[in-house]
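Scroll down for the structure; my scribbles are underneath it.
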Amino acid sequence: LQEGRLHHNVIIYTKRDFNGSATRNKINFFNFFMSSGNIIGSGIFISPKGVLEHAGSVGLSLIVWVCGGGICTLGSMCYAELGVTIPKSGGDYSYVTEIFGGLVGFLLLWSAVLIMYPTTLAVIALTFSNYVLQPAFPNCLPPFIATRLLATICILFLTWVNCSSVRWATRIQDVFTIGKLLALVLIIVVGLVQICRGFYDALRPSTAFEFREEPSVGQIALAFLQASFAYSGWNFLNYVTEEVVEPRKNLPRAIFISIPLVTLVYTMTNIAYFSSMTPQELLASNAVAVTFGEKLLGQFSWVMPISVALSTFGGINGYLFTSSRLCFSGAREGHLPYLLAMIHLKNCTPIPALLVCCIATIFILCIGETHNLINYVSFINYLSYGVTIAGLLYLRKKRPNLVRPIKVNLLIPISYLIFWAVLLGFSLYSEPVVCGLGMVIMLTGVPVYFVGVHWKNKPKWIYQVVGKQQTHHFTPWLTRAATNDFFHNQLIDQ
């Protein structure tokens, strides 16, 4: 094989494409640090209300935001060790599959495809529609049907964009990131001006810890789940670990700079909110940033809903874009159907994977409420984080002589797992239906794994039926991607 080319509806790959060594980009410290900016997302416009509601006071909610960043730092340090010890694409899924085997890895993949990505997309889409519609309904909440309809239109449009062109999808991501940064800078600057003018009654120690009602440990755990939704993305660093120049040096630097920076931005944003709103006003608002803008920006208040809408629009696009990468990792391991490993012959876009994610997202946003969905997806996220970090300890015991360019102190993963166990235990106790439903859906993957993956000697008629269906419906315009690395290289070329 001398060159990659299209020939008779089949993509021919070079050997260099298979190992990725020919076209893989190398990321230095500066680029890697900038990529960690993906952590700052639309969650900061969604989660403050949920954190305050469960924490019960302004002071405790700020403590939750700061401690949430600290916990993410501990988790990132553990992931840094795993990332350079097991240099494979796919993040959590690849590590767990390598350490614990196919079943546990499949359950993580199953929950990501059915729960994590679709639910996160549903939450962000609902936030987008709320912020767009809230100015039109200043004295009440936007109608249920209107928010769901606008969110569905947004999901369908961005799915079409991602199916049509990788270039369009990446351009949207670049442009709409500006909205996120503009909104946060505006909120923090205006909030600091308010504080300098003496408007910080809600932040005084005498009032900051006035509880509406004494919070239970379970409620505090749910407050951490709400905050963790805003911090989700800290493990995104591991999706590019093998492309980093000198990961042993640059990966810890990126962690120790980027996550504290995100924590500072989130904490300052919440402080800014409380400089102009009472806790009661924040809890009554369905779009916190819009209420903030209406109180302080006057005739320029329209800037805030537009900025947040741009941010959430870009966030939806980003999650749709990255969800396909996980599908390719799963297909490479044989854990996903053949169909989901296919890409469009001309556009090199993973249309089947995107359509599955789109349909699941629309279903979830039609039946769920934003804050319950956050608890639901954050519980599953934390569950996967804990299993992955437990894998680090298991790998230390099982393969003590394995080369580890980064090796963290054992107290770090142990501390994280203690917090993890307490958080999930009390969250499950406080919200047994919401959190328990996620576990039930995850466990439904067990029979699917044994029938679809573990059972190797299936009757021939099954393969014949599946093969004929795929050939009949998809061969003219789809082809199977050889590896996740090849798809990654296609994105770089685009």
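Each Cβ is built from the backbone N, Cα and C atoms, and glycine gets one as well.
Here is what TrEMBL says about this protein:
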TRANSMEM  29-46  transmembrane segment
TRANSMEM  58-82  transmembrane segment
TRANSMEM  103-129  transmembrane segment
TRANSMEM  149-169  transmembrane segment
TRANSMEM  181-200  transmembrane segment
TRANSMEM  220-241  transmembrane segment
TRANSMEM  253-274  transmembrane segment
TRANSMEM  302-322  transmembrane segment
TRANSMEM  351-370  transmembrane segment
TRANSMEM  376-396  transmembrane segment
TRANSMEM  408-430  transmembrane segment
TRANSMEM  436-455  transmembrane segment
Counting only residues at least 6 beyond its ends, the same-chain positions whose CB falls under 8 A of a CB in the transmembrane segment (351-370) are 46, 113-114, 117-119, 121-123, 125-127, 130, 148, 151-152, 155-156, 159, 162-163, 320, 323-324, 327-328, 339-340, 342-344, 376, 474, 478
With pairs closer than 6 in sequence left out, are the transmembrane segment (253-274) and the transmembrane segment (181-200) joined by 3 or more CB pairs under 8 Å? yes
Top stretch among 103-129, 149-169, 302-322, 408-430 for CB pairs under 8 A with the transmembrane segment (376-396)? 408-430
Within this structure, do the transmembrane segment (436-455) and the transmembrane segment (302-322) have 3 or more Cβ pairs under 8 angstroms, counting pairs 6 or more apart in sequence? no
Grab the same-chain neighbours of the transmembrane segment (149-169) for me: Cβ-Cβ under 8 Å, and only residues 6 or more beyond its ends, written as numbers and ranges. 121-122, 125-126, 128-129, 132-133, 313, 316-317, 320-321, 324, 344, 347-349, 351, 354-355, 357-358, 361-362, 365-366, 490-491, 494
Given the cut-off of 8 Å on Cβ pairs that are 6 or more apart in sequence, determine whether the transmembrane segment (58-82) and the transmembrane segment (436-455) share at least 3 such pairs. no
Hey, which bits of the same chain come close to the transmembrane segment (436-455), Cβ under 8 Å, at least six residues off its ends? 102-103, 106-107, 110-111, 114-115, 334-335, 337, 376-377, 379-380, 383, 428
Intrachain neighbours beyond the transmembrane segment (408-430), with Cβ under 8 angstroms and 6 or more residues off its ends: 71, 74-75, 77-78, 80-81, 216-222, 224-225, 375, 379, 382-383, 385-386, 389-390, 392-393, 396, 436
